[in-house]
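Asker: Here it is, the structure, as structure tokens.
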Amino acid sequence: MKHIINSYENINNTARNNSDCPRVVLPEEIFFTISIVGVLENLIVLLAVFKNKNLQAPMYFFICSLAISDMLGSLYKILENILIILRNMGYLKPRGSFETTADDIIDSLFVLSLLGSIFSLSVIAADRYITIFHALRYHSIVTMRRTVVVLTVIWTFCTGTGITMVIFSHHVPTVITFTSLFPLMLVFILCLYVHMFLLARSHTRKISTLPRANMKGAITLTILLGVFIFCWAPFVLHVLLMTFCPSNPYCACYMSLFQVNGMLIMCNAVIDPFIYAFRSPELRDAFKKMIFCSRYW
């Protein structure tokens with residue numbers, strides 16, 4: 001969130017002067033290239049699901065929700081780069097009303113990306129839980145109508161919360177709320193995993209009779225979750241350090257890696273579609289047909 005970063009900019013500069021860690025600066029071209037690839041890859045995921053009737057199931061709709069979150073994160077960086085280019089060329093007045101409004105909109109996309117990813121992964125975890133332990137009732141519990149309602153509620157909440165967080169981004173409670181959502185999501189999914197493990201021990205025979213695809217979906221979720229944590233945790237930690245120890249040289253040393261942490265977030269959007277393709281033969285076939293312009297709908 002740019003507003004949060006800017007509010008601590010002077011303090012961080014002072015802290016860096018007391019630190020031996022130089023600030024790591026990455027070329028904007030790297031961010032721009034990764035972001036473009038992320039948008040294109042996730043756009044292919046969305047088109048594959050909506051053009052292929054065989055993929056129009058609740059699980060794939062939840063994956064589309066995660067793909068939209070990833071795409072918003074990539075789009076955020078693209079628009080930010082365009083804004084910087086226009087400002088450097090003199091087309092925008094620095095700190096002007098238009099740039100401030102544009103910054104707010106772009107920052108909303110970033111927050112929306114994180115919130116969307118958190119809730120999409122959570123609902124995918126719940127879906128996998130139902131698939132494994134309520135397999136016979138799955139289609140009566142997870143209907144398309146309920147899926148649409150759940151996703152509508154999630155994105156309505158994320159949009160409202162994202163806009164609110166950007167408006168009040170200078171306030172510490174907003175930062176705490178922003179960063180607390182990350183561990184809360186992990187706790188929720190961890191509770192599901194623990195419960196799944198305990199039930200699996202008492203229902204070993206029942207679990208062994210489940211279709212392999214059900215268990216494969218749970219493994220896919222684990223991979224997606226691991227990648228999400230790896231890519232987003234450094235940035236969340238950065239925001240926490242910037243809030244609670246901005247002048248500390250050790251905190252400043254970690255914060256010197258801000259652009260590296262930002263690049264990891266962009267990489268998340270690029271990695272996820274490869275996970276879908278690697279773990280799902282249906283999506284992999286759909287991707288191949290789309291890339292080679294085959295007619296399959």
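Placement of Cβ uses the backbone N, Cα and C atoms for every residue, glycine included.
Keep in mind the model is a prediction, meaning the values are calculated, not measured.
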Asker: Do Pro58 and Pro249 sit on the same side of the membrane in Swiss-Prot?
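Answerer: Swiss-Prot topology: Pro58, Pro249 on opposite sides of the membrane.
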Asker: Based on what Swiss-Prot records, which one of Cys245, Cys267 is disulphide-bonded to Cys251?
Answerer: Cys245
Asker: Swiss-Prot annotation: Cys253 disulfide-bonded to which of Cys21, Cys64?
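Answerer: Going by Swiss-Prot, Cys253 is disulfide-bonded to Cys21.
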Asker: Could you measure between Cys253 (disulfide bond) and Cys245 (disulfide bond) for me? Cα positions, answer in whole angstrom.
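Answerer: Rounded to the nearest whole number, the Cα-Cα distance is 11 Å.
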Asker: Using a Cβ distance cut-off of under 8 Å, indicate which of 24-49, 105-126, 148-168 has the most pairs with the transmembrane segment (181-199).
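Answerer: Ranked by Cβ pairs under 8 Å, first place goes to 105-126.
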Asker: The transmembrane segment (59-79) and the transmembrane segment (148-168): do they have three or more Cβ pairs under 8 Å, with pairs 6 or more apart in sequence?
Answerer: yes
Asker: What does the structure give for the C-alpha distance between Cys251 (disulfide bond) and Cys21 (disulfide bond)? Integer Å is fine.
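Answerer: Here the two Cα atoms are 10 Å apart.
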